[in-house]
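According to TrEMBL:
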type	residues	note
COILED	149-176	coiled coil
COMPBIAS	231-242	compositional bias 'Basic and acidic residues'
DOMAIN	52-178	domain 'DNA/RNA-binding protein Kin17 WH-like'
REGION	224-249	region 'Disordered'
């Protein structure tokens, strides 16, 4: 019987059958030929072309298997990436879609015997995330493309920047609220601030005791208010240029007086305060419990920062640095000596003690301003012997 014509029903039927998928067991991967039945596959295996392909494969079988395995893996992973992305999907769904292509690489020509083995291999090599469930194996593609990684890093950087902006805004709002709350406070407690002034010529560290009063804090607040009023005046003066200069306001005069007072106080303050004939208390523990917290009278001052003291209880004489002693505040009505500030070296009478502001009210008992009542910090006066 002769071969059917190209347009004969038999030829058209054969072409239609050849378009669809055939059984895998009748496919020859070496020759890439699909047979429609068992008899056709048997005839193909006996053909000369198939025998030549077998001879080529027998010379280096590993080479052909590696080639087919690599092609199968590449096509499978590419389909998974393009079709499903990074979604979690059942491996059978991907495989059925892969083998729907008539020209695909068959698994029986690769190094993997089953789809489960291939799925486990993808997980071990890091191509996909795999997990086993009662319904079978699921796979999820891991995108390692440099462009994708760059986009992810860019997105993370933007998210972090947005979070940083929000944190900065929150901090700014908190700072403004705190400043507003602090600005409403009218009473400021006076505390002793200790500043290290470094080592003196004798090698001993000195400390300066400063007691900022409410007047200093008030000056800073008035200064801030004055700066605002000054800005407003500059604006108004620019509009009325050429007019006569206005007189200073009461607020500006108060600020100038406070600044002058502050400068005067700073000019007369020193970092040494020891004077003869005053009562001090030993604060250092290096001499033992015998002298710790005991009172003594300063008999002699040496090099401004050291003093020879005589213990009141035992009569022992010691040489101590001013850092190792502190001033003694007597009961009201007793005489004291002012050690630092604008009224330095002036004797006074202790009228009362203000524990809240760490200061005392003194009545000057000598000098040009005798009889004047002043407020002096604890560390600026001491009991007379």
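All positions are counted from 1 along the displayed chain.
Yeah, the Cβs are placed from backbone N, Cα and C, and that goes for glycine too.
Helix, strand and coil counts under DSSP for the domain 'DNA/RNA-binding protein Kin17 WH-like' (52-178) come to 87 helix, 15 strand, 25 coil.
Looking only at the coiled coil (149-176), the predicted model's pLDDT averages out at 78.
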